[in-house]
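Engineer: Following this message is one structure expressed as structure tokens.
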């Protein structure tokens, strides 16, 4: 059974096991689990504390006066097993394992010391006093953060138990502890910085400080003074880091591995006097590293190398290799980790076989294992990347196989066949380095054969010369590759080789070939230079167009300003504006604006299959209790198929621990737990109207789809992508082949890539690099050349763009791009508020356009104009001399409805296609932030009919639409989606009005009208009305009848009257 990873998972695992330990045998098993835990995490205070506390509880529970309820037989056996000496020795063992964690070792020592003092008060003996006194002296001679507190405890101990020797003992301890206090004072600045960073709640500063602390600590181990103590403190700091916030930090693990390896080398060579017993075991360190970094190929490679150096048998090293290949995360970062691990494995096989004392079995293992490793890597690459995978650019495994065939098996023909096969792969064929490597190998073979007086290559008997013709053929093949990256280098070496070894005829042919190739390559270089220039020009133009579009959009959002005072001025924010939008907002916003939660679902999730039909989310969560923190559970149930759950954990370590539950019973069924790595695709550039069913139909032939996740549009309404999760990696890999697929006759090119949260690209460009300037209040007659000349005073001007309206008239504003950020700042300094054409111009850095939270779709000229435009009814009514014509505000309000409860994942195109059957839409504006859409129809009658049809319509997720006013829409808070089961949604806070007590209700003292009280059953006399009808005091002349001349109306009558 696989073991948990990380101190938290170990503690949770053993804690879960201890809760089920109801007899002596199970309690012993828990102790054994704790022993494995401290072996896996030897420097973890949390694990040692849990272990010692549990063993101490067993000692207490097995005593005769305990109320734990153990059977008598188990009590007697427990008293022999969980003795007081065993418990105290365990505390001492735990302390010795963590004593040089100078920042937090007091957590364990203080608890141990309190138990020792408690026992001392119960059993006051000289031996016990000497024992406790020695514990204090050892502690005070060790650097630690709470030295003053420990000293005060020792002072109280001496006062109570050794008062006559108080002064002598304190003086001696103070003298012996000078070095400990001095060594801690050197490290106190780092400890204070770590404490300050921890209080801030941000883990990133703590990581950076701890990494800096480790580098400093490693340098201290080189000093001769206090060498042993410095070395132990450094090991303690590594334990503290690698069981804490740097537990999965690959660079820190590599530092620890190299530090341990170098220390062993220094001790063996005599450069260091550190005792071997203090050094960590290299294999144990590497075993812990690969448990925490299963994706790290270099770490697996070092593990195999260390196992070989330690002399482990082949079976043990093979188990390490199998553990690496069975890891679901080895190819997390691509094929680099896989190639690193297999290179170490093949290197081990080759060295073992080529050892002078190697057995035939070792040779046979290499002969079979090396080609097998090549095939494994090839299949792995094809499975992950398909036909795009072409192998290792450095062909490391092939080099190992070639060396083995050449030197051990003396199979030159077989080795040459490997070179021939490599030359057929484009990745190697276009690399000059590959051809030179092949050429050098042929020359080595030629020289070796010459020394043996036999040639593997043909000879020319007529002249008696031995010629390396195979080496010459390498160059001939290379120059036939038109895409060779450095043919000039190949031709130079080819010509020199022929001069040195070949006959005159071959040399002449080589010169002819080189001459022809030089002409061909010269033309190729010219084409490449022209192509690069064209690409650079196109990239520059594309960037300019993008920037122009962004600024044009910004200007379109602003109403016309006074033409005599400057460019257009932005309008004031309205209830539907969201000026807090930002293009860099993450996709993982959980609750409202700015509350970001970084999640890596792709590498922290597992699938759980073969579940019983009555499974619930709660039962699944209980199944993984103790194996990691569960963030979310996506349970999918379909008719005719067993349910499947996708469980997201807090970290990759938790997900790996969850794999321990694979093959366990869930009720009466054995479940399958598999990693969900590389099962999720990032899909975009599909038609805007596409919904979940469209995506499912598009990828239905690739494999079983578990879920489709659309992003929220609340803070960026222009998003159009989704995350598509398959139930196995093969289906996801097959789905990536649909990348670049044409949709709707080539109108869209689908993008489908494996989701990789670490591959997010940073934006760039003149605006992001702070090289673009925004110039305002320019004279309308200003030209681009005048601006270019003006801003050239501050540096190199890359581009100038004047903003003009549709008829070409300048708007008094421009955007100017400088070559560097410094030149842009210099331009602001020199030219801001400069009088230019009798105007004081404003020069400032260009700012990005705020992200829109609403999108409007129009149809022809039917829809109402934008607010503030010349066609706006409100603006027109306020203009002097305004004429009638066009829709009035009342007309627009009559034909406009607001639709609420729109999911925040639906874009305007999907909403439009959903509402299109209800009537002709003139204008539609989506407000995802408020969870609704404003729909303006062509006339009021169509709007009324549409409102009735839309009311109660069911959309995604079973939500029912509701039709209301526009004002009510802007009072809504929008949808709050919580896709985690470990967090509750934010509770709605009551307003001040809601917190006020309800107003008092005044009721009349007597129901009905005033007057004398009548007896029970009294009925007043009927009165004559002017129309001749009779009424009583009850009101109408009949019970429930309508007035004379009016018939009661049904619901159908009211609907007919409303719709017309």
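Glycine residues also receive a Cβ, built from the backbone N, Cα and C atoms like all the rest.
Note that this is a predicted model, so its numbers are computed, not measured.
Residues or ranges marked as coiled coil by TrEMBL: 516-543. According to TrEMBL, the feature region 'Disordered' maps to 547-597, 852-890, 982-1060. For 604-678, 679-757, 771-848, 895-968, the entry in TrEMBL reads domain 'RRM'. The annotation compositional bias 'Polar residues' is assigned in TrEMBL to 876-886. Residues or ranges marked as compositional bias 'Low complexity' in TrEMBL: 1027-1045.
Could you place the listed features in the three-dimensional structure?
Structural biologist: Non-local neighbours of the coiled coil (516-543) in the same chain are 479, 482, 487-488, 491, 765-766; each lies 6+ residues outside the stretch with a CB under 8 Å from one of its CB atoms.
Confidence for the domain 'RRM' (679-757), expressed as mean pLDDT, is 89.
The helix, strand and coil residue counts that DSSP assigns across the domain 'RRM' (895-968) are 31 helix, 23 strand, 20 coil.
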Engineer: So how many of the residues in the domain 'RRM' (771-848) end up helix, strand or coil by DSSP?
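Structural biologist: Within the domain 'RRM' (771-848) the tally stands at 19 helix, 28 strand, 31 coil.
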Engineer: Within the domain 'RRM' (679-757), how many residues are helix, strand or coil going by DSSP?
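Structural biologist: Within the domain 'RRM' (679-757) the tally stands at 18 helix, 24 strand, 37 coil.
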